[in-house]
């Protein structure tokens, strides 16, 4: 059973529409569907809501610590409510998936994502669920003929808003992810993963 859903991003209006905040977009949508309001909760270092989702009580969290300190917020809430790593789902932007893709998985490395790296360090575990929301990679924007030796600026890419066509694809992937949330929250995470991946995400 999933008891805590965390969306990763950076705080502040200047980051709201940037690719790195894709995790926030998903949690915002979940809060809207539940009729819940995310409020600043200092003890959890983020915006927090306790929501009733699909018949289950679920904690929603958007850390306001900046991405590379996300673990501080996650561990504070997890310890307070005695939530195990395997009961946590972290939604985050994923460079290695194209816009329009979303994948669910348990455990694994950080893939260079500083938010995941910090969460794993604070939880002393990598065994939490990740919802990877594809944003594409800046190398994909470089013509193939010019890719040899090119060094794409990843930091600049994730801190910029997606193009309109990319945003539409990302929104569609988030909708598909939301459609399997009832299954995941009730503890049928493997089934939710199969449904999401089968639906072309």
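Numbering starts at 1 and runs along the chain as displayed.
Cβ coordinates come from backbone N, Cα and C, glycine included.
Annotated site 'Discriminates between blocked and unblocked aminoacyl-tRNA' per Swiss-Prot: 10, in sequence order. Residues or ranges marked as tRNA binding site by Swiss-Prot: 15, 66, 68, 114. The annotation active site, proton acceptor is assigned in Swiss-Prot to 20 on the grounds of sequence analysis. According to Swiss-Prot, the site 'Stabilizes the basic form of H active site to accept a proton' annotation covers 93, on the basis of sequence analysis.
Feature annotations (Swiss-Prot) mapped to structure.
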residue	record	CB count, 10 Å
10	site 'Discriminates between blocked and unblocked aminoacyl-tRNA'	21
15	tRNA binding site	18
20	active site, proton acceptor	22
66	tRNA binding site	16
68	tRNA binding site	12
93	site 'Stabilizes the basic form of H active site to accept a proton'	26
114	tRNA binding site	16
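For the pair formed by residue 68 (tRNA binding site) and residue 10 (site 'Discriminates between blocked and unblocked aminoacyl-tRNA'), distance between Cα atoms is given as 9 Å, rounded to the nearest Å. Residues 15, 66, 68, 114, recorded as binding tRNA, reach a greatest CA to CA spacing of 16 Å. Taking only the Cα positions, the spacing between residue 114 (tRNA binding site) and residue 10 (site 'Discriminates between blocked and unblocked aminoacyl-tRNA') is 12 angstrom.
In space, 10 is the closest of the recorded positions 10, 20, 93 to residue 66 (tRNA binding site), judged by Cα positions. Straight-line distance linking the Cα atoms of residue 10 (site 'Discriminates between blocked and unblocked aminoacyl-tRNA') and residue 93 (site 'Stabilizes the basic form of H active site to accept a proton'), rounded to a whole number, equals 12 Å. Following the DSSP three-state reduction, the secondary structure of residue 93 (site 'Stabilizes the basic form of H active site to accept a proton') is strand. In the three-state DSSP scheme, residue 10 (site 'Discriminates between blocked and unblocked aminoacyl-tRNA') is classed as coil. For the pair residue 93 (site 'Stabilizes the basic form of H active site to accept a proton') and the residue listed as 'active site, proton acceptor', the C-alpha distance works out to 6 angstrom.
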